[in-house]
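Visitor: Dropping a structure here in structure tokens format, bear with me for questions.
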Amino acid sequence: MKLHLYNTLTRTKEVFNPQDPANIKMYVCGPTVYDNPHIGNSRSVVVYDLLYRIIIKIFGKKAVKYVRNITDVDDKIIDRAELLGITINDLTDKVTREFHINMEYLGCMLPTIEPKATEHIDVMIEIIERLIAKDHAYIADNHVYFDVLSAPNYTELSNRNLEAMFEGVRIENSKTKKNPQDFVLWKPAKKNEPENINFTSPWGLGRPGWHIECSAMSYKYLGQNFDIHGGGADLIFPHHTNEIAQSRCAFPSSTYAKYWIHNGFLTVNGSKMSKSLGNFITVRDLMDKQIQGEVVRLFLLSSHYRRPLDYNDKAIDDAKKTLDYWYRAIEHINVQKVDLPSNFMRSLFDDMNTPLAIKIINDYAKCVFISKTEAERKFNASAIITCANFIGLMRKTQYEWFNRDVDEFYINELINKRLKAKKQKNWLLADKIRNQLLEKKIILEDKSNYITIWRKE
């Protein structure tokens, strides 16, 4: 049984043949940390978390290097920090922490490496200098631009002609550009900007363009060639197209990534969920409603990853009912881990066909309720928990699941927030959190050394 993945670059479903089975390399575009992630952003993280699990199953964890970056330098970050009246570092640290909390809530594994853009400026400068030396980039009006027309096969990933690619795309106008489509590799500092958002370079004080960041970090940790590059379908153009162009031009012998995997949009009433449209729901919103993270994860896996997925209350409720059914099926059964069933693995090996994988788990649940012997019930229940665990679900006990008013993740997060408030002598906030938990019949007991325990009333 071999893993098949749809490769956007070739527009075909291919057998996954890594360059080195003992050293598999995967890069996924991570968040720009200017605001709390919405669940559309989180779909990408959950999809590639599943792919990571599948590849680990085949090749072993030590053989897989999974890099997911943090973009912590960007005009949106600058604008947001100014709007909130806080420093860039305070904003990016806060949003990065929130991102990690969200991913834990969704049951995502940590990547092998999570590099920050601001810590790799030297690598970006090195690649830009290579591009200038090879006449693929030029300096104009204190900017460094990439010359799009100098890149061979620029349209290969998008499979569209150059004019069509740029229709409806916002292009930065500059009389000094060679071509309107040329994109920025390095931009100069603006007047009255905070000093810590700009960096020294051969072209003066400034900061990198967005696209060069991922080329630099993938090169730093994975080299010139690697196996998988993942991200949302909205990144095919311009971000991934520009990544390929600048990386291949900087390293002419490089093919860059072999397999390009893209997940579909999350929609709301048929429109793409996005902050610019104002139709987004953050992961924090769902956490505050005390919707279980497993429910959201199952919802995000309920549609094939390449298809659009529409967010609505019914879809969330359906995911909750499905998990209720699974947890009820294993109730009062001494389940044990068994080998992953071959039909279940075949579904995941077929371009991560999660709808089929979920149906197979449902079928095992049905079998539990019609099983004629205890051995049959135990086998089917064990298959449920084994399959669900593999895709990051059913991480709770039946007691924890069916006592949803006691969400330990939510409670512990509030306790940590309260402890922080106490250390800062913010007694008003500390009391507010205590009362908030008391309303849910959660009693806090403060011990020495800032330790707090809790119990249900």
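Glycine too: its Cβ is placed from the backbone N, Cα and C atoms.
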Visitor: For the Zn(2+) site that Swiss-Prot assigns to C29, H239, E243, which of C108, C214 is also named?
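Guide: Matched candidate out of C108, C214, per Swiss-Prot for Zn(2+) with C29, H239, E243: C214.
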Visitor: For the record in Swiss-Prot, which of the ranges 7-11, 272-276, 337-341 is the motif ''KMSKS' region' one?
Guide: 272-276
Visitor: For the annotation motif ''HIGH' region' in Swiss-Prot, which listed range does it cover: 31-41, 284-294, 306-316?
Guide: 31-41
Visitor: Can you work out which residues elsewhere in the same chain, 6+ from the ends of the motif ''KMSKS' region' (272-276), have a Cβ less than 8 Å from its Cβ atoms?
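Guide: Answer is 35, 38-40, 234, 265-266, 311.
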Visitor: Restricting attention to the motif ''KMSKS' region' (272-276), give the mean pLDDT.
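Guide: Computed over the motif ''KMSKS' region' (272-276), the mean pLDDT is 79 on the 0 to 100 scale.
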Visitor: Give me the Cα-Cα distance between H239 (Zn(2+) binding site) and K275 (ATP binding site), rounded to a whole Å.
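Guide: On Cα coordinates alone, these residues lie 18 Å apart.
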Visitor: Can you tell me how far the Cα of C214 (Zn(2+) binding site) sits from the Cα of K275 (ATP binding site), in Å?
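Guide: Cα-Cα, rounded: 22 Å.
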Visitor: What is the three-state DSSP composition of the motif ''HIGH' region' (31-41), stated as helix, strand and coil residue counts?
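Guide: Within the motif ''HIGH' region' (31-41) the tally stands at 3 helix, 2 strand, 6 coil.
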Visitor: Take the motif ''KMSKS' region' (272-276) and count its residues per DSSP category (helix H/G/I, strand E/B, coil), listing them in that order.
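Guide: Split into helix, strand and coil, the motif ''KMSKS' region' (272-276) gives 0 helix, 1 strand, 4 coil.
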Visitor: Whole-number Å only: compute the distance from the Cα of K275 (ATP binding site) to the Cα of E243 (Zn(2+) binding site).
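Guide: With the alpha carbons as reference points, the distance is 24 Å.
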